[in-house]
Amino acid sequence: MIKNITGIAMSGGVDSTATAILQKQKGPVLGFFMKLNQPDYETQRDRVSQIAQKLDIKLEIIDLTEEFQEYVLKYFSASYFKGLTPNPCIICNKEIKFGLFQQAILRQGVERIATGHYAQIHKTAAGYQLHKGVDPHKDQSYFLSRLSQEQLAHSIFPLGGMHKGAIYDLVEAHGFHDFRGTESQDVCFLEQDNVVDFLEQTAEFSASSGNIVMNDGKILGKHKGLHRYTVGQRRGLGISYPVPLYVINLDVKNNNVIVGENEQLFHKTMAISDIHWISQPEREDLLHASVHIRSTHKGAQASVILKENNRASVIFDEPQRAITPGQFATIYKDTQVLGSGVIL
């Protein structure tokens, strides 16, 4: 392994461009770009190539199309087929960006890889800790909650201690004036976030209509497939009722969308499975922590009762709205990510 060479994960966005600028100031770098299932792959590739050329960075393209299909797309479709709401970004980070992509870069003789994520890594005597980025509006630590110690050991997050405004100032100072007002987007297989169109390209979702029902079994209407709905959804139900109704559950066994009033979305308890710890908690039976039930959730204080087989029961201090099976619950101690589990 060649010392002091940093790999840069480049996507063509403002964050990866700022990362490249910062790391190049510190020493030699190599740029890397992932080919996945991007709808606009050629446009994105050309954009990355232009940025790399302007910064005088050698760029290599790593094709992970088949692997992305296997690890991310299959998980995404299978989750909806089971009536779950997946988070493909978390799986992509674990298996692709910080998994196969990172491994491919390390084989090039690179020691560490810098990405444009808004998070921080702290090295301690006990290992590597993952912390929130200092910009609360851009923090991405939730999406990194499945990373391993080894993955963190080879990662650098130069933007974790910065705010977004400073990022724009930095790239503009280096001649990039077309980023202001734009946001970096994760490399994604969904064009314009059209989940339904993507899912209905697969046979499983071709003939899956069923009933929209109340908890007591009263039928209010028909749905066009469970994959079109998620817990907490109000729009697009196509039903009439004296008060607003929301999706409160997806009954896969009977192919029903169960709806109810807003207060029925609030719960104090949930179960999580497949817990992955970045940093082991001090106790093996119980911990008090802030738990985030989705990426946009601000977090809520809870008691996490640890059980066998990487499972836990979570009891919130206050009821939480729209706890959604399939999403990840990320466990924080102050700014530190301890780990995460899948909501059952």
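Cβ atoms are placed via backbone N, Cα and C, with glycine included.
Keep in mind the model is a prediction, meaning the values are calculated, not measured.
Straight from Swiss-Prot, the features:
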ACT_SITE  CYS92  active site, nucleophile
ACT_SITE  CYS188  active site, cysteine persulfide intermediate
BINDING   ALA9, MET10, SER11, GLY12, GLY13, VAL14, ASP15, SER16, MET34, GLY116  ATP binding site
DISULFID  CYS92-CYS188  disulfide bond
SITE      HIS117  site 'Interaction with tRNA'
SITE      GLN327  site 'Interaction with tRNA'
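You'll find the Cα of ALA9 (ATP binding site) roughly 10 Å from the Cα of HIS117 (site 'Interaction with tRNA'). If you take the Cα of GLN327 (site 'Interaction with tRNA') and the Cα of CYS92 (active site, nucleophile), they are about 14 angstrom apart, rounded to a whole number. Other C-beta atoms found within 10 angstroms of the C-beta of GLY13 (ATP binding site) number 21, with every protein chain shown included. Under the three-state DSSP scheme, MET34 (ATP binding site) falls in the strand class. Other C-beta atoms found within 10 angstroms of the C-beta of SER11 (ATP binding site) number 23, with every protein chain shown included.
Relative to HIS117 (site 'Interaction with tRNA'), the recorded positions with Cα atoms inside 10 Å are ASP15, the candidates having been SER11, ASP15, MET34, CYS92. Summarising the environment of the residue listed as 'active site, nucleophile', the number of other Cβ atoms within 10 Å of its Cβ, over all protein chains shown, is 27.
Taking only the Cα positions, the spacing between CYS92 (active site, nucleophile) and MET34 (ATP binding site) is 12 angstrom.
Spanning the listed ATP site, residues ALA9, MET10, SER11, GLY12, GLY13, VAL14, ASP15, SER16, MET34, GLY116 have a farthest Cα to Cα distance of 16 Å. Reduced to three states, the DSSP call for ALA9 (ATP binding site) is strand.
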